Structure formats: structure tokens, C-alpha cells
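For reference, the structure discussed in these notes is given below.
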Amino acid sequence: MTGLSRRRRLAAVAVTALCALAGAGCSSTTDGPSDGGAYLVWDPYPQFADDSEWVALLKKCGTSAGVTVERTGYDTTDLTNKALLAAQQGNSPDVLIVDNPVISTLAEAGALTTTEENKLDVSSMEANLLGAGQRDGRTYGVPIGANTLALYYNKDLLTAAGVDPASVKDWTSLTAALTKVKAKGKKGITFSAIGTEEGSFQFLPWFWGSGAQLTALDSPQAVSALTLWTDWLKQGHSPNSVINNTQTTSWQEFATGDYAFAENGTWQLANAEKLGFAYGTIAIPASAGGPAPAPTGGEFVSIPVQNKTDRYAASQKLVACLTSADNLLTTDTTLSYVAPVAAVQERQAAADPKLKVWVEAVRAAKGRTGDNLGTKYPKISEPLWTAVQAALSGAKSPREALTAAQAAATAR
Amino acid sequence: MTSTTRKSTATRGRGGAANTAPPRPGASRVRRSHRRWAWGFLAPVTLYLLAFYAYPLYRNVELSLREYTVRSFVQGGAPFAGLDNYRTVLTDPAFWPTLTHTVVFTAASLAFQFSIGMALALFFRQHFPLSGTLRALILVPWLLPLIVSASTWSWLLNSDSGLVNAALGVVGVDQVNWLTSPGWSLTSVIIANIWIGIPFNLVVLYSGLQAIPTEVYEASALDGATGWQRFWSITFPLLRPVSAITLLLGLIYTLKVFDIIWIMTRGGPTDSSATLATWSYRLGFGNLLPEFGPGAAVGNLLIVMALIAGLVYIRIQRRQNLR
């Protein structure tokens, strides 16, 4: 009996000791990033090593803001959770660069400062790109560059099949082109319909291009968009593997030279130059013709909330430097993104005429979390990609799949 | 091997009983200082267990009992929700299919891993030239990082350009959509998981076989037992304790398998290969707006399932020891 109670007391002592230890650990880490002149920057570009132009630019901007920059590159899917955890522990980085739809989640969490608090100037940014970083009239970050989707085509293959890429203006002419390609024994089009956000991202140009709205997933227009994809699969214009394709694997399929078209983004431009055939790009057509609005990709630079608010001034200088016109040009060229500022976009297009299609596509693009959807978007996107998967794999008809998706989106 | 451990626990038990005999004068002080030493030695491991097991577990339970949004996750003050998250999860239309997938995935993986592992272990018991090299080669799946093996499997099973479909095509079988049809996706991830689990079963069962004295086999050979009889009357019963621990470890390991499924199918298409592990991840991290509460609830259900399996194992073992 006494032994038991002593054991309990000892356990209690151990727990308190541990808590004290953990407490000390926590408080010391909170002080960590705010100490001295080191400013923490987190970005989703782990592909850039310390000797890259991007890191050099970060260091240069740090020096001009009078601070030293400590940079960490994270995998982009990892960064959302890292940022949320850091905000919870009160040790957020001073500058955080994240994928644009994440901004609304972090803003909802109260982890980001608004432009009123951090005094960042966003007036030169294009409104359709800035939209992803705005909620209820407040702006939570600055776009550092944008990318979007378009159709890459295999010039050699289309010529052999007798298709003029300029003739592809709407869905009917696109499907007609695919049929011609199939008659030549080649494959039509590859895209990514994987069961993650990437799948929704790729489906949205067709979804919006049909005239559908994210607030009504089961509209007849939405059904027509999903039917278009499903029919391509049924008729053998698209490979069955699209259901599991990421944008990278879809690109690898296109790179084999067997496919006439591929839906992919600006970030593949550098790889496109390495293709073993001539390629071109066209905007994704809308159902009734003209370019369809594609969703904007790309990152925002934000300033997370700090315990010490006097740090914002230097962070603001750092961000202003990163997003100044000249530096945007450098950064967006390295990332193969389109700049978020009209003047810089024109300089990009002048330097590389191939970028013209992309600049136009970015101007027609719209943010996923825009239209004041904000954090409602993730609750719509998940049912949407599930519906796409259900219809493509034949589990449900497009109409059934989208009806279920709308029910799921409104239930949450 | 087991008989010695059994004996040692028995003596320890008796020794403990002897300690409760009336103390001799002066003995209690010695014992107290002994105890202090004992606590000193226990402290590091206790602290470690508390910090890295008990506290995360407590946090996960707490997470599942509160209604967390991203806002309250960061700012604090999530309201206590009782068992609401569990109710949400249990009434979710995805719950029963996901649970069924988990059970099928675990049962099928274990059955095949174990029987193939056993067959290979018996095979390698007969020493033949290069048997060591071959055995080492079979360990390769175990040594490869899961991301490598899962990616390789998803290339092999690709509908249009995969090697498996190409091979089947030679025989005249139509394209099978291994990873992209709801009918096949679960089978595909099970096949990959079996391949990954075989080496573990092989190694443990092989070492168990080494412990069976050869005299028993010699005696049975003299009695004229066939190979089949030898297996069912000697090998299998003598291997039972090793088999039990292999299956238990395999069960716990398989219940929580996540990487293979996530890399190969993302639990899809349309959740047709989703298990509790992938569902928990999807709820907590797979969306731009994480749902920590339900995610943690699913995770806890998994822990409870593994715990029940562990308790069943201990019970069975105790009953065997009593016999």
C-alpha cells in the first residue's frame, strides 16, 4: 500500500520535472528566432541549394534590410503543417512563402499579419492574382509569381495527323483533333486527375470553362465538363493512368512523344526545352470558345504574426525587396513563373516570346480561394476531385458523382 | 527458448514472494537504498517514455476530444466536444468501407506474408549451394526505402505503360487497371504490401526453425514420418510461439501501413483502397483545411485496434504458459 502511494508520488514528481523541462524547452525555442539580427525565411523551394540565385537574392535583400537571413526550404505539402505548428508554438518564421490557397487557411488561423499591420504595398499587383490572398477586404500577402495551366502540344505529331493547332478553339474542335490523332494510332491528351488538390487544380479550367461555378458542383455545365473528360477516357483519347497521374507523371507521358496534348503548367517550360520533339502551347479552350479561366498557381510572400511586433519593419523591407520589379524578374525567371505585375510581365514576354501565351493565360486565370470562397474552397475541392475520380474510374456517372459531391460540399 | 524464459520468470516470481518474508533488522535500510538506486536507473527511461510516448498519446486523445479548427489550433481555446469527433467519424459514410478495407488489407497481407515466409524459411532450411546468397537477395524488399518500393510498384502496375500489363498482354490478357479501377486498387496495394512483408516473416521464422533440435526430426524419420507429417506434428507446433509473435508484429505493422497505399493510389480511386491510416492522414493533412479532431479520432481507433490485438496475444500466451 505504502509502496504504491510512494510510486505514485514519484511518478508525479517525474511528470512535474518533465513539464518543467518541456516548459523551459518551449520558452527557449520561442526566444530563438527573435534573437539578434537573424531573420527566418521559410520557402517551398527545396530544389534551390544555398548557392542558388534564389538564396543569393534572399541574402542580398536581408543585407539591404540590415538583417541576416536564415533560410529553410520545405516541401510544399509539408509547409502548411509546419507553418500551422510553428504558429501554435509561437515560433513562426519572420517571412513565410507559401502556395497561394494556403494563405486563406493561415489567415483563418490568425497566423498572418495584414498589409495594414505590416505596411506592405500591394498596389502594383494584378487584382486576379492578389485575390487568392484577400479575405473580407484584408490582404495577407504579396504574390511573388504566378503560374497556371495551358495545353502543350506535340508539333510533329499534330502535323503528321493533319491537325492545325490554331484550329483548336473550343471543346468540339479539340475532341475532333483528338479523334484525328487517334486515327493515326497515337494517343490524344494526358492530364492529372489524381485524388488530391492537384486533381482539382487540373480539372478547374474545364469546370470553369463550361461556365460552372464552385458554389454549384452539380450544375448541368459542371456535368458537361466532367462528361468531356470521362468520354475522352472511354473513347481512348486519354490514358487510364490519368486517374493516378500527378502533373509530373503526366508530363513524363507527354515526354514519350506518344501524346498529342498535355495539360501542364508554366513550371515545365525548362523541361519542355529538353523534349525530343518540337512543342507549342495554346490556352485551354472554354466550352464555347475562347480561353478558359485556369486556376492560378504560385506562391505568396507573407509576414507571420510575431510576439515582438517591432520585427515587422525589417521583415517589410525584406519582402519589399523580394517583390520589387527587378527582383521579381530574376525570381520569376528562375522559377519559370509569370510575374504578378503587368509591367514585369511585359518585360518577360519581350525577353522570351514563348512566354506570351502564359502571360495571357495568367491574366485570364483566377484564384481558387477567390470569389470570397476563402476557407470554403478546401471543402468544395475535396468532393470535386473525388467526383472526378469516381466518374473517370467508372464508379459513378458524371451526374451522380457531381450530385454526391455537391451534397458532400454543403454538408461540411 | 521459451521454456527457459518461462522458468526465469517463475524464479523471479518466487524470489519476489521471498522478499515479503518478515524482515531481519537492518535489512529495510539496505532495501530502501537499493530502491533509490533502482529509481535512479529507471528515471531516464521513464522520462523518455513520458516525453515521447505518453505525452504525444495524451495530446492525440485530447485533440480527438475537442473541436479544433485551424483558428483554435493556433490561438487555443478549442471547446471540449466530448465524443463528437468519434460520432462524426463513426457515422461518416466512409467509415464502414474504410474499416472493411483495413481488415481485408491486414488479413490478406498477414495470411500471404506468413505462409510465403514460412514456405521460404522451410526451403532455406535445406542448405544448398548459394542458399545464403539467395536468402540475402530476398531481404532486399525489406532494405529498400518504402518510397522507392512503392513508386516502383506503381510503375509496374501502371495501366498503360506498366510492365505487368505488358507481360499480361503477351499472354493475351486485356489491360487491367490495377491502380485506377475501384475493383483492383485494394488488391494491388495488398500485393505490394505482401512483397514487402515477406522478408520479415522469412527472417523471424527461419531463426525460429534453427531453434528446433534436429534430434526430433531424426527420431521422427526413424518412425517413418512423411515430410507433411513432420511439418504438421513437429515444425508447426514447435514454431507456434515464434509464429504468434511474428503475426502480432505483422498485424501491428500492417494496420498502420500508410506510405505504400498513399504513394500507389492515395487511397483511391474514390476511397476504394482507403484504410483507417490513410483516412486519418487525409483528414489531418491531406486537405488545405485540416480537420485535426476527426483525424486524431481515427488515429486513436487504430491504436485501440492494435492494443486489443496485443492484449489477445498476451492472453493466449498466458494460457499457453499455464498449460
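From the backbone N, Cα and C atoms, a Cβ is placed for every residue, glycine too.
Predicted automatically and left uncurated, TrEMBL annotations should be read as such.
Keep in mind that what you see is a predicted model, and the values were worked out from it rather than measured.
TrEMBL has this to say about the protein:
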type     : residues  : note
COMPBIAS : B:1-21    : compositional bias 'Low complexity'
DOMAIN   : B:99-313  : domain 'ABC transmembrane type-1'
REGION   : B:1-29    : region 'Disordered'
TRANSMEM : B:37-58   : transmembrane segment
TRANSMEM : B:103-124 : transmembrane segment
TRANSMEM : B:136-156 : transmembrane segment
TRANSMEM : B:184-206 : transmembrane segment
TRANSMEM : B:238-264 : transmembrane segment
TRANSMEM : B:292-314 : transmembrane segment
Counting only residues 6+ away from its ends, which parts of the chain sit with a Cβ under 8 Å from the transmembrane segment (B:37-58)?
303
Of the listed stretches (B:136-156, B:238-264, B:292-314), which one yields the highest count of Cβ-Cβ distances below 8 Å with the transmembrane segment (B:184-206)?
B:238-264
Please indicate, using numbers and ranges, the residues of the same chain that are 6 or more beyond the transmembrane segment (B:238-264) and have a C-beta under 8 Å from a C-beta there.
1-2, 102, 105-106, 109-110, 113-114, 117-118, 146-147, 149-151, 153-154, 157, 179, 188-189, 192-193, 196-197, 200-201, 204-205, 207-209, 211-212, 216, 273-278, 281, 302, 305-306, 309-310, 313, 316-317, 320
List, by number or range, the same-chain residues at least 6 past the transmembrane segment (B:292-314) whose CB is under 8 A from its CB atoms?
57, 60-61, 63-64, 66-68, 73, 81, 84-86, 88-89, 92, 244-245, 248, 251-252, 255-256, 276-277, 279-285
Please report, as numbers and ranges, the same-chain residues at least 6 past the borders of the transmembrane segment (B:103-124) whose CB is under 8 Å from any CB of it.
131, 134-135, 138, 186, 189-190, 193-194, 197-202, 204-206, 208-209, 231, 235, 243, 246-247, 250-251, 254-255, 257, 261, 275
